[in-house]
Number of protein chains: 2
Amino acid sequence: MAKKILISDPTLRDGNHAVRHQLSREAFIAYCQAAEAARVPIVEVGHGNGLGASSMLVGECRLSDDEILTVSRQHLHNSRLGIHVIPGFCTIKKDLVRAIELGVDVFRIASHCTEADVTDRHIHYVRQAGKEAWGVLMMSHMASPAQLLEEARKMESYGAEAIVIMDSAGAYFPDDVKERIATLVDGLNIPVGFHGHNNLGMAVINSVTAVNEGATIIDGTIRGFGAGAGNTQLEVLVAVFERLGFDTGIDLYKILDAADIAEKEFNPVAPSISPLSIVSGLAGVFSGFAKPVARAAEDYKVDPRDIFFGLGKRNAVAGQESLIIEVARDLAEKNSAAQKG
Amino acid sequence: MAKKILISDPTLRDGNHAVRHQLSREAFIAYCQAAEAARVPIVEVGHGNGLGASSMLVGECRLSDDEILTVSRQHLHNSRLGIHVIPGFCTIKKDLVRAIELGVDVFRIASHCTEADVTDRHIHYVRQAGKEAWGVLMMSHMASPAQLLEEARKMESYGAEAIVIMDSAGAYFPDDVKERIATLVDGLNIPVGFHGHNNLGMAVINSVTAVNEGATIIDGTIRGFGAGAGNTQLEVLVAVFERLGFDTGIDLYKILDAADIAEKEFNPVAPSISPLSIVSGLAGVFSGFAKPVARAAEDYKVDPRDIFFGLGKRNAVAGQESLIIEVARDLAEKNSAAQKG
């Protein structure tokens, strides 16, 4: 019998990054219907940064969390409804309580790859409410396989029923995935999943590699809609897994139809691998830094690509925008010293 | 010392497919300058189907072969000038003679993967003129490794100085590439190369696999500009090979600049993996069939995707448009029988 793979589809969440969180009510309805028709098991929705993240700083979402969850729930019957939860953005009392009321099935509680501790209370809360909670480790290329296992074990101990590692910067090569997934599958008692980005053109093969190493959950978005160079392209995954003899339960023709529908409903065009996303992947830095990096490059008259590589060397993580100025200033000083010398 | 890889860049040839052969004189100049600045070793130019192919039937090129070769030659100094040659489109007396006069350096003489015989006279002619001739096997997934080797050996015996296999339908998985490249590297005395398309998201990893099996020539186009789902994305290849410790001799920042230039100069946007190109890759059928397939699907009220898979089962090769009608009619009959039954 073909090995089963559980596909979780964050098109209506990670895809919101590609449109500055401006997905419309119509887009949610059209895509939920298309995904339901294609038998996509889990449809993840929301602001790009998850529940409670809509804000001036991170970007205001066109729809409120309540609107998104209500409209999505109305149009998903067999497909389960999932959300992305980053403690810090998402509060338990206000946001989680409401999401449970609105019928969310799968809560994916996420932290930076070395900070699983912050997910403790959220995971416990979801489990006590009788709902499904997963642990998600973001920017997972910044931790060694052993570190990742340690963090994942914490999440497991809090009650997480699955662990997904994210290649948020699209920095992985297949061998990196192999090592990490094998370590997690070996060391955990719960299913392991992989969420790829395509900065170096490796998202599909990285997902296949993850499955070959024992991962049973794979994330993918239609047409690759998602942050930066985009996510692993869902309809390609379905085709490739079908050819390789894995069972996703998704109808190939219907998921291809969903891609056509998304092409019409969503704006702008699907993500492609831009020069900056390649640099971001090579440097292992989240591509969300692109705008402040461009500003700093302008201010200090340095190459934005050098800033990205500088950030990579300093292991910059999301939120550390102050580092950008520091790196830019250092580069400018070096350049000026080189000119004088 | 890092292993050297020779990159051959058909952006200004295969990329012409993406714009119905309408690349402008300005696009040729801008991209030749950008490729030269990035130290791209070989820049291949022309109509999408190569020298002499411009016609009502295949598509008329905006510029004549003479104009393309003249303007490209003027703007390439260190980069060598390459062309794609399909005997049948390209005559020796008229086209090859002229291309030699206009200063082409590398002649890539191509045939369907099982018809190397037709390249005999062209390869001989180019070699006798003191120019470099390669053999190119198109739609190479339709031949077994042993068959490919046999055909490649013919080309070698005609005087070919390298063999490139093309994954014209974007149908390969890494294991397919591994088997074929290993067989060719083992059985030939000349360098072996790989030309990928991205229908199943495998172009980059297939190229890496080819190199790991001993290929030393890799084709890639900027932003993936090319037929169907596009070619292997050149600037991603350069980044990935650099990370893996291979030496392409290409300047990473300058090739990223070239991608920005192409984005501005070329129309429309870079290719992406469309639903139809996935089907084309899965079926192993050249995506150039898309238009006549859509027409036949309309006429016979059948699913165009079923036609593609039907063509794949019958091993359709380019030019066999009549098969499309045959497949569509068969499908329509089956559908009608099923409805009655």
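Keep in mind that glycine also has a Cβ here, set from the backbone N, Cα and C atoms.
Bear in mind that TrEMBL entries carry predicted annotations, made automatically and left uncurated.
According to TrEMBL, the feature domain 'Pyruvate carboxyltransferase' maps to B:5-256.
Summarising the environment of B:ARG13 (site 'Transition state stabilizer'), the number of other Cβ atoms within 10 Å of its Cβ, over all protein chains shown, is 28. Classification of B:ARG13 (site 'Transition state stabilizer') by DSSP places it within a helix. Taken from TrEMBL, the feature site 'Transition state stabilizer' covers B:ARG13.
B:ASP14 (substrate binding site) is surrounded by 29 other CB atoms, counting those within 10 A of its CB over all protein chains shown. Per TrEMBL, the feature substrate binding site maps to B:ARG13, B:ASP14, B:SER168, B:HIS195.
Summarising the annotation, TrEMBL assigns Mn(2+) binding site to B:ASP14, B:HIS195, B:HIS197. For the recorded site, B:HIS195 (substrate binding site), the DSSP three-state label reads strand. With a cut-off of 8 Å between CB atoms and residues at least 6 apart in sequence, the same chain places B:PRO10, B:VAL136, B:VAL164, B:ILE165, B:MET166, B:ASP167, B:ILE218, B:ASP219, B:ASN231, B:THR232 near B:HIS195 (substrate binding site), listed in sequence order.
Summarising the annotation, TrEMBL assigns active site, proton acceptor to B:HIS17.
Among the recorded positions B:ARG13, B:HIS17, B:HIS197, the ones whose Cα sits within 10 Å of the Cα of B:SER168 (substrate binding site) are B:HIS197. For the pair B:HIS197 (Mn(2+) binding site) and B:ASP14 (substrate binding site), the C-alpha distance works out to 10 angstrom. Within the group of recorded positions (B:HIS17, B:HIS197), the Cβ with the highest number of other Cβ atoms inside 10 Å belongs to B:HIS197. Take the mean position of the Cβ atoms of B:ARG13, B:ASP14, B:SER168, B:HIS195, the recorded substrate site; other residues of that chain with a Cβ within 8 Å of it are B:PRO10, B:HIS17, B:HIS84, B:MET166, B:HIS197, B:ASP219, B:THR221, B:GLY226, B:ALA227, B:ASN231. Residues belonging to the domain 'Pyruvate carboxyltransferase' (B:5-256) score a mean pLDDT of 96 in the model. Sitting within 8 Å of the Cβ centre of B:ASP14, B:HIS195, B:HIS197, and not among those site residues for Mn(2+), are the Cβ atoms of B:PRO10, B:MET166, B:ASP167, B:SER168, B:GLY196, B:ASP219, B:THR221, B:GLY226, B:ALA227, B:ASN231, B:THR232.
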